[in-house]
Structure formats: structure tokens, C-alpha cells
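Below: the structure, in C-alpha cells.
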Amino acid sequence: MAKRPDAFPPPLLLLSLLLLLLAGRGAHGRLISTSAAAAADEEEHLISDGVTRDGATRSDPVLLLRRSAGYSRLFSAEECEQTYGFLPCTTTVVGNLFLAVAYGFLMFKGATYLSTGSELLLEILGPGIVGGLFLPILGALPDAMLILVSGLSGSKETAQNQVLIGMGLLAGSTVMLLTLLWGSCVVVGKCDLSENSTSIDLQDTKGFSLFGSGISTDLQTSYAARIMAISIVPFIIVQLPKIFKFPSGQRLAVLFALIASAALVLSYCLYQIFQPWIQRRRLAYAKHKHVISGILRHAQMQSLGRLLDDNGNPDGDVIRKLFHRLDLNSDGIISSKELRALIIGIQFEEIDLDRDDAVEKVMLEFDTSHNAFIEEDEFVEGIKKWINEAKRTIVTTSGAYSQRFLHDFHMKTKEEHNMLIDKSDEAVESIDNPTWTCLKAVLLLLLGTVIAAVFADPLVDAVDNFSLATNIPSFFISFIAMPLATNSSEAVSAIIFASRKKQRTSSLTFSEIYGGVTMNNTLCLAVFLALVYLRHLTWDFSAEVLVILVVCIVMGLFTSFRTKFPLWTCFIAYLLYPLSLVIVYILDFVFGWS
């Protein structure tokens, strides 16, 4: 995504925070009291860790203060289990809130280091294995780690309770990316929309016009959205027993969904690895299609009549007249030389066309007898084939197929070609010290991985304890708060990148958003399903899965078949976020789905 400024981990900041967390274990308070008599009367309501009035010591690790019901719930300490045996713990609301914020900040730093290290490594090694296989997995690592530890430790009952935090994170991360972040990128990346609704780079003069401003992306971005929509298949599989009221098949459905999600992870990574090759093939096909439209439009202008009759059928007689006009030496065949003269004579505007390659492809398509010449019957059949292909591409509103129809087909192929061109305006800078940059990237990746692995479990425990202390369902805490810890760095990077107000940067930004959701729906879900299957947990997340399906289907359909998004589209994304919370609340707490 966006190129981040060089930054090495601030070790003093991390060290200071760790020392602050550990300092709570050795903290002691002093007795606060007004008089001995008053203290004697209130002794049963007071606790202290310090020295009492008679010199005896107490073991309670809390400052002596007047206690009340509200105070006891917020501040009083009870026995708690320390993560790893040494990290601070508490059972109070304030204490767990502090720990959740502290551990969440550390997870945020870990995600930031992973993201920064990934981008540095991508600059050195480029796409392919690194960009297609490792980086998507590393990007989803913090979420996957939190989901893993949410159901890995403790008894089965504890895992069943804490795994809801993992589901909340999975749903919250997906919904946040496709709603709040998606809508915000449309707002900050908006440009003026031209007459054909394509955004004009760096031009934002229409303010917050709902229809006059917005963003546009390339076709590759819409393909990423379609892949994201396909990635919901495992969610559908795991819900089939609930849909058909077949509870005995739930465990088998979890297994099938696990296999499907693992297969989708592998397929997505392979797609990313071969994406540069696929992109080149798509561009080559777009150029060939543009040659076809150019020849058809030229043939329409040069023919002695219309190529299509009023019913839209190719006119064979007119096509034959066109053949004889192109047959310069009147020998009854069109040679490669004559075909090349035709292609040279056609103005293909700004298309970077290899004419020899174009001649070769047209000859290969027309010359069915393989004699290196295009005969009259081959030419007629080839033109008819092209016309029928154009008819499938362009839907006319009138009953007649006219010259305007071929013009529309030509303009559409030109637009498709332009959408696939790499319009990157980012200067490719040479790496001054590739060895140090590579080492720095590896260190950042290692540091981010260690932080994510070490502090995932304490964060889950803090969120679970905060939920118990406040009676707030852990799902809503993890749904709203935890994605901020794991996705904030990517969100900030996406917004900064989108603010450059160019079609290319907008396309990359939204492609990264769709890719992040795809990894949530495949890799993170695979981790979650593996926990449920291996620990024999109960699958009871119908409301949460429904929310993911609703958001992914709505946004997937909305973004898969269009590349222009006026400003008003951001409201659709924004409204889906509170709607998701309302759906879960109603289904779980009103209808009792869970």
C-alpha cells in the first residue's frame, strides 16, 4: 500500500511501557486514616497493604480507602491469574481497562512493524513469492494470533467463552474494513468526476457534491472485490446445518468449511504470485480486442453498405465487398502484408500496439486453413464472429444496429484497455543500501511477530476480564475495540494513500482493503474453525456469521461490477457498520440465537 516513512522501533517507548506494566506487581500503599478510633470503627470496611496502627502488616495489595459497592467493583482487587506467571493482572474494571489499552497498544505496534517490514521487503524483492505469499499472511498475522489464543488455552468451557472474542475480532475487522475504512477512503480520495464518471486526478473543485465528486478504480480492483465475495463460501458451508436444521452434521460442516478456507488461502496466494503474469495476459487480450474494434469501425466506414442489417445480423454481401477492397492485388486472398497495411492505416490513438504481433494474432484467428493467407470465406466468417462478439458486449436500446453500435463497442474496448494500463506515477527509487534495508525489514518482521505472539494471550484475557467486570458482552468489546489495535496502521496508511487523489492510488488502496477482507475470510477463519474442530467446541455464532455475510455480499456486489464510486456511495458503507451491531444485538439478545 502506501510507502511509509522510514522508522525503526522506539525501544525506549516499548521498554518504558513494559516496565510500567510490571511495576504494578511491586506497588504498595500506605494507611490513610483520620484517627485511631475512626479507623477502628471502619476496620471491617477498609483494606490495606501497608502497616496498620498496631504495627502489623496486611497482605491486601490495595491502598487503604473507604469501600463502597461501586468502589469495590471498580478498584478492589481479588485473586487473579497472571499470564505467563509474571504479567500484571487484575479483576477490577479500571485495571482491566488499563491492561486492555496497554496490550492493545502493543499489538498495534506489532502490526505496524509487520506492515512496515513487509513493505520494505517488497521494495527489495518485488512481487511474486514475497508479495503474493508472505505479505498477505503477515498482514493477517495479528488477527490470526488473537483468534488462536482466544480458544487455545484453558479448559474447554473457558475456551468456549473466550473464543467469542476471536469471532468478535474476525467480524469486527471485516466490517470495519468494508464500512468505516472504505467510506473514509472515498471521502478523502474524492476527485471531480468527468462526464463519463471517471475521476480526474488531483482535481477536487466540486467540494462534497454527492454525484459530481468521487473516486474511480481500475478493472483489477473490481477483480479483487470479486475474489473477496467468493471468500465467503466457507461461512456458508459452516452454516448449512443451521439452515437445514441438521445439528448432528455441524461438526462435519466445520471440517468441510476448514478444508474450503484452507484451499481458498492457497488459491489466493497462488493468484497473487501469478498476478503480474495474469495482468500482462489481460492487457494483451485488451489490446487484441481493441484491434478488433478498430478494424470493425474502419470496415464500417470503408464498406459499400452497413455491416449489419436492421435486425443486427451480419450482412455477408457487404462483408464480401469489403474483402475485395482490402485485396489490393486482386488475387483472391489477403496476405500478411496486406493485413499489415490495413492495421498501419488505422489510427489506434494512444494504444502502444505491436503491429507485427497484431497481424500475427489476426491471421491466426482468421486463417482456419493454416495456409498463411486469409481467403474470402475465412474473412467473412471471421468478421461475423467479431460482430457477434461485439453484440454480446454492447446492448443496444434501439432495434437497429447502426454505426453508433460499432462506435460504442470501440469506446468500451478503449476504456477497458486504459483501465488495465499501469498508470503508476510513483517514481521508482533505487535502494541506496539494499543490505541494510533488507536486514531492517527482517528485524521489523521478527519484532512484530514476537510482539503479536507474546501479547495476544494477555490482551484476550484482559478483554474477557473487562467483559466479566462490566457485564458487557465480550463480542461487542472485541468487535468495536480490538480491530483498532490490529488494523489501525493499515487504516491510517490507506487513508493517507487515498488522499493523493489519483486513480492509481485509489485502485491500490481499495485492492488492499479487499485483500485484507479476503485473508480474514480465509486464513483467520481457517484458524478459528481449526480451534472449534480440534477442541470440540460448540458452533454457536449464527448471528455473527450473518453479519459478515451481509456486509461482504452487499459490498462485494456493489464493488465487483463497477469502477466508479460517487461520494454518495460512502453513506452505504457507513450505514452498514451500526446496522451490523444492531443485527447482532437483536438476533442474540432479543431472539436468543446464541
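From the backbone N, Cα and C atoms, a Cβ is placed for every residue, glycine too.
Heads up, TrEMBL stuff is auto-annotated, nobody curated it.
Residues or ranges marked as signal peptide in TrEMBL: 1-29.
Feature annotation from TrEMBL assigns transmembrane segment to 84-108 (among others).
For 120-142 (among others), the entry in TrEMBL reads transmembrane segment.
Residues or ranges marked as transmembrane segment by TrEMBL: 162-188 (among others).
As annotated by TrEMBL, transmembrane segment applies to 252-274 (among others).
Summed and averaged per residue, pLDDT over the domain 'EF-hand' (314-349) gives 81. What TrEMBL lists as domain 'EF-hand' is 314-349 (among others).
The domain 'EF-hand' annotation in TrEMBL covers 354-389 (among others).
The feature transmembrane segment is assigned by TrEMBL to 438-456 (among others).
Distant neighbours of the transmembrane segment (476-498): 1-2, 4, 100, 104-105, 107-108, 111-112, 115-116, 139, 142-143, 146, 164-169, 171-173, 175-177, 181, 184-186, 188-189, 215, 459, 463, 466-467, 505-506, 508-509, 512-513, 516, 581, 584; these residues of the same chain sit at least 6 beyond its ends, with a Cβ under 8 Å from one of its Cβ atoms. What TrEMBL lists as transmembrane segment is 476-498 (among others).
Tertiary proximity for the transmembrane segment (510-533) is limited to same-chain residues at least six positions away from its ends with a CB under 8 Å from its CB atoms, namely 1, 136-137, 139-140, 143-144, 147-148, 150-152, 159, 163, 166-167, 170, 173-174, 177-178, 181-182, 185, 217, 220-221, 224-225, 227-228, 231-232, 234-235, 238, 251, 254-255, 257-258, 261-262, 264-265, 268, 487, 490, 494, 539, 548, 552, 559. Annotated transmembrane segment per TrEMBL: 510-533 (among others), in sequence order.
Among residues of the same chain six or more beyond the transmembrane segment (539-558), those with a C-beta under 8 A of the stretch's C-beta atoms are 164, 167-168, 170-171, 174-175, 178-179, 182, 225-226, 228-229, 231-232, 235-236, 238-239, 242, 250, 253-254, 475, 517, 521, 532, 569, 572-573, 576, 579-580, 583-584, 587-588, 593-594. Taken from TrEMBL, the feature transmembrane segment applies to 539-558 (among others).
Here TrEMBL flags 565-587 (among others) as transmembrane segment. Within its own chain, the transmembrane segment (565-587) has Cβ neighbours under 8 Å at 171, 175-176, 178-180, 182-184, 186-187, 190, 193, 197, 208-217, 475-476, 479-480, 542-544, 546-547, 550-551, 554-555, 558-559, 593-594, counting only residues six or more beyond its boundaries.
Cβ atoms under 8 Å from those of the domain 'EF-hand' (314-349) belong to residues 290-291, 294-295, 298-299, 302-308, 355-356, 358-359, 362-363, 372-376, 379-380, 383-384, 387-388, 414 of the same chain, restricted to positions at least 6 beyond its ends. Remote same-chain residues near the transmembrane segment (252-274) are listed as 127-129, 131-133, 136-137, 227, 230-231, 233-235, 237-241, 518-519, 521-523, 525-526, 529-530, 532-533, 539 (criterion: CB distance under 8 Å, separation of at least six residues from the stretch ends).
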